[in-house]
Amino acid sequence: MEKIVLLLAIVSLVKSDQICIGYHANNSTEQVDTIMEKNVTVTHAQDILEKTHNGKLCDLDGVKPLILRDCSVAGWLLGNPMCDEFLNVPEWSYIVEKANPANDLCYPGNFNDYEELKHLLSRINHFEKIQIIPKSSWSDHEASSGVSSACPYQGRSSFFRNVVWLIKKDSTYPTIKRSYNNTNQEDLLVLWGIHHPNDAAEQTRLYQNPTTYISVGTSTLNQRLVPKIATRSKVNGQSGRIEFFWTILKPNDAINFESNGNFIAPEYAYKIVKKGDSAIMKSELGYGNCNTKCQTPIGAINSSMPFHNIHPLTIGECPKYVKSSRLVLATGLRNSPQRERRRKKRGLFGAIAGFIEGGWQGMVDGWYGYHHSNEQGSGYAADKESTQKAIDGVTNKVNSIIDKMNTQFEAVGREFNNLERRIENLNKKMEDGFLDVWTYNAELLVLMENERTLDFHDSNVKNLYDKVRLQLRDNAKELGNGCFEFYHRCDNECMESVRNGTYDYPQYSEEARLKREEISGVKLESIGTYQILSIYSTVASSLALAIMVAGLSLWMCSNGSLQCR
């Protein structure tokens, strides 16, 4: 008995060598969401949603925007006298127009297919203005008298700079027949108009002829216009109206004009010298003297993140727009420091290293690794190979998400005239619906990728554990907490061989077998002793019980409580 007690004491005092498999932990409080859980604390995370801008209008890749200030696109193209600063403009990256610019059509009227023209401008980066019909060439008509107080310049009546309002001369208005052949290599934007007088008296006063027309023709256009004489309310002091038209004249095509009155003739046209990605943005901002790769109406974005929630309308190399308020991608592991002793929940993908109850804050040079203890001491060592593979996989995750979302829906900010409000409302609903779906897809993708990332790390820890288990086999005992207890002495060289996969099982198998047998013998001898003590205890207890029963019976017989024969 004394031998057994002494052996057990010796065994308990000699601590076996151990190696444990674990993972990195730190003091991070960053949290991500997954398919299965919300607010999961992780060691590392990356915010992939840009939420900030600089509140300025900037150059786009070094090219200035065309900021029209108080002028509209129509005021710029026709040449409103208050927009003279834009008579000749350099190349632009995008066009900025206020929501309600003051200098629009100074003479009241409308611009036919104006929204379509704006859409065309969203694919143009530079105009070159050229003269196609000189003002001085109208010898049979008054080319300088067509002015209005509605379009003042320096306190005097004026008119749009790029067109000519032709009036009768010497009480006659000869029929006009003019042509222009586009000999340029570029397309040409040509503008003209028709004047609608207030009454018949104004018609004859300006054009002499009571019944007039305007005919315009190209290889693709066949237009005949007649003035609409009607009494109207005054706008800008005018009861008349001017309606403007435009067309794109292809190279080697000709445009032909014929009219006997009410003609607003083109003097200048715009040669489209550079096409490319542009946009017309509605913004009240001023020029910020800055440069960017991505511009929105409310400010520039300088970000390498794949998503943003700033504004759906953008131009340039921009992140994808979503309506989300938070998109955080897990790039590290579940952060469960060992002191918390908190088991991880099972995920949706991959193997789970749930048998390891916490991470190691002492292991700082890798995501997964080992902790050993032997006679030479103890320490941490990262598994560089599995860590590097994991880093490579996670590093490509953002690019993977971008690739999966590379069919970005673009809200182009189309404009509609007053007759197309139902179409505009339908378009807005469709765009909102697309953006809702796009946002849902982005959020779902991030949730699934986070789930995969965390379970990917769990799987890597489990694989590392299995790698050690398959090497050690019965030379060590699994303790159930990610650790192995060796049945032999394992110095630092031995520990390193386990870590790098070169552990020599036969070298240590004999020592391990003897240790196992020694432990088994102690257990068996202990079990035998316990059996003898158990039998002795049982017999002694039974004998004592019998004596007590006999004594009780004799006492009862002596006092007559029990009849004895």
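Cβ coordinates come from backbone N, Cα and C, glycine included.
Taken from Swiss-Prot, the feature signal peptide covers 1-16.
The annotation topological domain 'Extracellular' is assigned in Swiss-Prot to 17-531.
As annotated by Swiss-Prot, N-linked glycosylation site applies to ASN26 (among others), with the evidence given as sequence analysis. For ASN26 (N-linked glycosylation site), the Cβ neighbour count at a 10 Å cut-off comes to 18, with all displayed protein chains included. In the three-state DSSP assignment, the secondary structure recorded for ASN26 (N-linked glycosylation site) is coil.
Within its own chain, ASN27 (N-linked glycosylation site) has GLN361 as residues 6 or more apart in sequence whose C-beta sits under 8 angstroms from its own. Per Swiss-Prot, the feature N-linked glycosylation site maps to ASN27 (among others).
Long-range Cβ proximity for ASN39 (N-linked glycosylation site), meaning a same-chain Cβ under 8 A and a gap of 6 or more residues, is found for GLN31, VAL32, ASP33. Per Swiss-Prot, the feature N-linked glycosylation site maps to ASN39 (among others); the stated evidence is sequence analysis.
Annotation comment: Swiss-Prot describes CYS58-CYS290 (among others) as disulfide bond, evidence class sequence analysis. There are 13 other CB atoms within 10 A of the CB of CYS290 (disulfide bond), with all protein chains counted.
In this structure, CYS83 (disulfide bond) is part of a helix by DSSP. The disulfide bond feature in Swiss-Prot is assigned to CYS71-CYS83 (among others).
Marked as disulfide bond by Swiss-Prot on the basis of sequence analysis: CYS106-CYS151 (among others). The secondary structure of CYS106 (disulfide bond), as reduced to three states from DSSP, is coil rather than helix or strand.
Residues annotated as N-linked glycosylation site in Swiss-Prot: ASN181 (among others). Around ASN181 (N-linked glycosylation site), the same-chain residues six or more apart in sequence whose CB sits under 8 Å from its CB are ASN252, ASP253, ALA254, listed in sequence order.
According to DSSP, CYS318 (disulfide bond) sits in a coil region rather than a helix or strand. Counting every protein chain shown, the number of other Cβ atoms lying within 10 Å of the Cβ of CYS318 (disulfide bond) is 21. The annotation disulfide bond is assigned in Swiss-Prot to CYS294-CYS318 (among others) on the grounds of sequence analysis.
Sequence-distant neighbours of ASN302 (N-linked glycosylation site) (same chain, 6+ apart, CB under 8 A from its CB) are ASN54, THR292, LYS293, CYS294. Annotation comment: Swiss-Prot describes ASN302 (among others) as N-linked glycosylation site, evidence class sequence analysis.
Summarising the annotation, Swiss-Prot assigns disulfide bond to CYS490-CYS494 (among others). When other Cβ atoms within 10 Å of the Cβ of CYS490 (disulfide bond) are tallied across all protein chains shown, the result is 29.
In the structure as shown, the Cβ atom of ASN500 (N-linked glycosylation site) sits within 10 Å of 12 other Cβ atoms. Annotated N-linked glycosylation site per Swiss-Prot: ASN500 (among others), in sequence order.
Swiss-Prot lists 532-552 with the feature transmembrane segment, giving sequence analysis as the kind of evidence.
Per Swiss-Prot, topological domain 'Cytoplasmic' is recorded for 553-565.
What Swiss-Prot records for CYS557 (among others) is S-palmitoyl cysteine.
Within 10 Å of the C-beta atom of CYS151 (disulfide bond) sit 23 other C-beta atoms, taking all shown protein chains into account. Listed in sequence order, TYR503, TYR508 are the same-chain residues six or more apart from CYS494 (disulfide bond) with CB atoms under 8 A from its CB. When secondary structure is read from DSSP and collapsed to three states, CYS490 (disulfide bond) falls in the coil class. Around the Cβ of CYS58 (disulfide bond), the number of neighbouring Cβ atoms within 10 Å comes to 24.
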